[in-house]
Protein chains: 4
Amino acid sequence: MALSSEQQAEIDLSRAAPTPTLRPTVPALEAMLFQAMPVLDHGFVRVVDYMGDDAAVVQAARVSYGRGTRAANEDRGLIRYLMRHRHSTPFEMCEIKYHVKLPIFVARQWIRHRTANVNEYSARYSILDREFYIPAPEALAAQSDDNRQGRGAVLEGEEATRVLALLREDASRNYDHYAWMLNADDAGRVLDPGRQGLARELARMNLTLNAYTQWYWKTDLHNLLGFLSLRADAHAQHEIRVYADAMLDTVRAWVPHCFEAFSDYRMGAVSLSAQMLDIVKRLLAGDPVEQPGSGLSKREWRELMAMLGRDA
Amino acid sequence: MALSSEQQAEIDLSRAAPTPTLRPTVPALEAMLFQAMPVLDHGFVRVVDYMGDDAAVVQAARVSYGRGTRAANEDRGLIRYLMRHRHSTPFEMCEIKYHVKLPIFVARQWIRHRTANVNEYSARYSILDREFYIPAPEALAAQSDDNRQGRGAVLEGEEATRVLALLREDASRNYDHYAWMLNADDAGRVLDPGRQGLARELARMNLTLNAYTQWYWKTDLHNLLGFLSLRADAHAQHEIRVYADAMLDTVRAWVPHCFEAFSDYRMGAVSLSAQMLDIVKRLLAGDPVEQPGSGLSKREWRELMAMLGRDA
Amino acid sequence: MALSSEQQAEIDLSRAAPTPTLRPTVPALEAMLFQAMPVLDHGFVRVVDYMGDDAAVVQAARVSYGRGTRAANEDRGLIRYLMRHRHSTPFEMCEIKYHVKLPIFVARQWIRHRTANVNEYSARYSILDREFYIPAPEALAAQSDDNRQGRGAVLEGEEATRVLALLREDASRNYDHYAWMLNADDAGRVLDPGRQGLARELARMNLTLNAYTQWYWKTDLHNLLGFLSLRADAHAQHEIRVYADAMLDTVRAWVPHCFEAFSDYRMGAVSLSAQMLDIVKRLLAGDPVEQPGSGLSKREWRELMAMLGRDA
Amino acid sequence: MALSSEQQAEIDLSRAAPTPTLRPTVPALEAMLFQAMPVLDHGFVRVVDYMGDDAAVVQAARVSYGRGTRAANEDRGLIRYLMRHRHSTPFEMCEIKYHVKLPIFVARQWIRHRTANVNEYSARYSILDREFYIPAPEALAAQSDDNRQGRGAVLEGEEATRVLALLREDASRNYDHYAWMLNADDAGRVLDPGRQGLARELARMNLTLNAYTQWYWKTDLHNLLGFLSLRADAHAQHEIRVYADAMLDTVRAWVPHCFEAFSDYRMGAVSLSAQMLDIVKRLLAGDPVEQPGSGLSKREWRELMAMLGRDA
């Protein structure tokens, strides 16, 4: 299970004791606060703190535009305007902090988003738990033939069975050897008083990349949306996308107007190059356009036709 | 006065209505929330939101060090340890948002701290208020003779009178001309229907650098302490230092253990170079050391003697 | 004139003495190196150093994608692919450093781009030059009636004459008083030995926002393109756009493939929201769509029709 | 060996062909350019590009301080002043780019330094090499008894032999299974045409944390020195410290004045808290001070006595 009983007890305690505050609060997010949303086989995401709400975005935009915006727009319209025109600074006025448990190979992808604050569990100081990610059978994708980064069909039969067995055996054996090298169990108790035990900072190198780690990860709403636009996307690796999907649920609860604008103008949006826009105009004018002579490469042409829901 | 009556009404409204939250709250900071602390003649600083407390720093450090820290340290000791050894990431887990009204020449210095989120009142969209910073007589420092960036004695007599008059007259006249060029008063009402009025984004260039602007400024505790260590320092310009001093009061209320550790290990600390440390050791051993032959330049020698409270 | 004779002599010296290097060099950019491109009435931009070229972007992408990309793509195609799909990190592998002279109100807009390194001339330590930006008559735009941030027609006649006179007189008078308060001329010579002179860090507040400052500004190609996409845009204020335009010329010389891809996929591109894309599809299918019932607000409808070159 | 023959051929080619440039060049760093400095058993660091030199730091500082610094200081003195007083922005005006091959557990520590540009070899797209870090016998440290993050004595005898065997066997077996799951060898050739092969992005999770990865890593001199002050420190893990040591050699060649100032004022420096400084003053005055009553905790007292080279 994702959370230790100790952690669960701490959560129950925190949830039992609301205190009054003058800060903006969001009841829908308060209802989720501290609670772990399970992700993958042993992971989770949980919101542990937040600052601001939809109104905080509006308030910041109104400072920037001053008297300008006072009369005119209602909040939802202003937020949609800001999102559409990529006025990003007002979205930076909201902040959220997550506690995440995730496989190391996912953490390595995630950490590339640099504009965030992170405190990760350190295997230099402490002993990692005996937990590894093993894909569910339906997530056991074959390598795509035509797309180097992609997944093809799901592996089946004997090959699938063997892969799962290998992943399980290798992770377990390596963890057993990690513990032997440490000369300690996962509670830190010495196994054999006749041995010294290898330094933690060295023993950890025997672990596999599907071992779980955990961290506190804090960022502002603008950068969170940037993260989600990449990681909740269809091209993202499944194992990080499930985290992004869980986080999208927290954004919907937290800042519903921002979430809606983000869905319309970022997640669902497409970008047309100068040449692509020109072709769309010609098509609308009834002009028959073909890829040869269009000014687009074959690859771009296919991308455009896919956007427009046409045969390439 | 710093705040408009509209702004004051908004503050009163916000302060009247506490709501329950499960997030960590800090009563001492709640007591200050939204309220403007006056700074300079027309400026202010006020806290408009915050995330986290002393315990959030500890919690983040404990995730990093894992089981390691569980038993041992109490919170204050751990925070002091983190500050002393410059473990900065746990301090990034707290966030604070200020609303600040400040002269433009102060804003230009402040903005050089890049790791922060900012929404500034835009003179491209809106009309600035008719407010300028005029130093109090006791802040009217002469140029230092021996230190290019420093202030010397306070100007007095006729020279002081003339300087204050010039600052006042030039700022006022320029603002009057700004309004004339805009063809609008500071509420945006057209002055002369027979004229078009210059674009706001152009007219603003006639304002002086002591005109007041305002912004929302949000940062994490680690970067806030970095800002304060430079701007609440004796070498900082008086006009930004008074803002930093007011913000120090909010930090003391918000995260008292962090504030104490910061005071001891950052604000009150000195750094000794390898050579300086060597000289201290020799002095402690009773070895008579003089600047010539010490390996320090005259300037460094003076700096060291000043630290140690000795004659150079 | 933009450059002092001292600065020009330094430039001539630098340009006279090429040295051999093993680093990638770009002859077209070397030809521009150090030379000031005049901007506005007294400003300039000049490239003072650079790192990398088109090939450095490709090289970085190939490390990321490893053997994957070795055979397949030629450089131009790969760069276009990276730009189209917003793979930004390879573009961060090129770096450029500019020396810029610009009015303070432009500098205040520019500095909001935080991911850059900056060293600005300090009016706390030094005395600013007697130079102010005065718009050319054809840049003297009226405030737009229907767009708060926009410019309308050019001011003419008496109003224009008076505006120009005011800008000139106020900047000059304020500079004269600045010098009087400093008790120094712009070479730092004392004017009246019987007076002390106000501290530089205070006297500067009497200057107007059209006074010129200067800085070294260094950033990577990805962030530079982000800056240019906003500041070379039709919505940018004319006075910053002319700097961005000059910098675009340096990018074209430096990394021609990146420049071309940027022009096609960023500067010339449009973004369609989910709803807008749906309407384009319906229009292509011959479905008559009107704003009412389209799911777009009137404002968005106008924006879409403008993109497609249709009447709203 | 660290570099493939292909990579070595590329290096030889690059080194054969100097081109003229007007940019500042540093012959001592040119002599090292592109060449791999071996680190650990299969890793390396090599400089692949750089921008600026000692003079570029001085030039930037002189823009900031303007005429102020013109006459007075020679370069070395100015650089030492900047370093001593933590004026960091002039050091940001130099930039360097490294190509590094390093074990994944080292990369995870390294990447926490966020202010850098990174392009890492992607195991999502490509197949990792069959190379793992196995510590040299003298680096096989036991866990420290009194310091959770520290290393104790070197493991010896049977325990050491067994640890090395386990590390070697587990990494090899896991790589063999990785290749089997991929159904490809490390050149990407299909092993068994009758199987599909697991997606690369999944198979990589079976690798151990001592597998080697590689990246391009680019940063400015200020942030590089921050990295080195932490990672070339005695408390850093040996396996990252050896990289930092190699990079220190490149800094010494590149910017000798900055390197010297960094050695004196950062690497060799100590920080004294307000209370510690007070005790030093009392000791200098001949006042006998003991830990009880000193205001320092036992831990701080030990730290201070260690700095001063005294018995605690």
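The backbone N, Cα and C atoms fix where each Cβ goes, glycine too.
Nobody curates TrEMBL annotations by hand; they come from automatic prediction.
As the structure is a computational prediction, the values presented were derived from the model and not from experiment.
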(message) Need one residue: from C:Thr89, C:Thr250, the one TrEMBL lists with C:Arg112, C:His113, C:Arg114, C:Glu120, C:Asp220, C:Leu221, C:His222 for FAD.
(response) C:Thr89
(message) Can you find which of C:Arg76, C:Arg80, C:Arg151, C:Arg204 TrEMBL lists as binding dUMP at the same site as C:Gln109, C:Trp110, C:Ile111, C:Arg112, C:Glu120, C:Tyr121, C:Ser122, C:Ala123, C:Arg124, C:Arg231?
(response) C:Arg204
(request) State the Cα to Cα distance, in Å, between C:Arg114 (FAD binding site) and C:Arg231 (dUMP binding site), rounded to an integer. (result) 14
(message) Just to verify: the residue among C:Gln109, C:Ser122 with the fewest other Cβ atoms within 10 Å, which of the binding-site residues is it?
(response) C:Gln109
(message) In the three-state scheme derived from DSSP, which category covers C:Gln109 (dUMP binding site)?
(response) helix
(message) Between the Cα atoms of C:Arg124 (dUMP binding site) and C:His222 (FAD binding site), what distance do you get, rounded to the nearest Å?
(response) 33
(request) Using C-alpha atoms only, work out the spacing between C:Arg231 (dUMP binding site) and C:His113 (FAD binding site) and round it to an integer in Å. (result) 11
(message) Among C:Ile111, C:Leu221, the binding-site residues in question, whose Cβ has the most other Cβ atoms within 10 Å in this structure?
(response) C:Leu221
(message) Please report the Cα separation of C:Arg112 (FAD binding site) and C:Ser122 (dUMP binding site) in Å, rounded to an integer.
(response) 18
(message) Given a separation of at least six residues and a C-beta threshold under 8 Å, show me what packs close to C:Thr89 (FAD binding site) in the same chain.
(response) C:Ala60, C:Ser64, C:His222
(message) By a 10 A CB contact count over all chains shown, which of the binding-site residues listed here is most packed: C:Glu120, C:Asp220?
(response) C:Asp220
(request) Just report the maximum Cα pair distance in Å for the recorded dUMP binders C:Gln109, C:Trp110, C:Ile111, C:Arg112, C:Glu120, C:Tyr121, C:Ser122, C:Ala123, C:Arg124, C:Arg204, C:Arg231, no decimals. (result) 29
(message) Radius 10 Å, atoms counted are CB only; among the binding-site residues C:His113, C:Arg114, C:Arg124, C:Arg231, which position scores highest?
(response) C:Arg231
(message) For the binding-site residues listed here (C:Arg112, C:His222), tell me which residue's CB has the most neighbouring CB atoms inside 10 Å.
(response) C:His222
(request) Sequence order please: the binding-site residues C:His113, C:Arg114, C:Glu120, C:Ser122, C:Asp220, C:Arg231 that have their Cβ under 8 Å from a chain D Cβ, otherwise just none. (result) C:Glu120, C:Ser122, C:Asp220
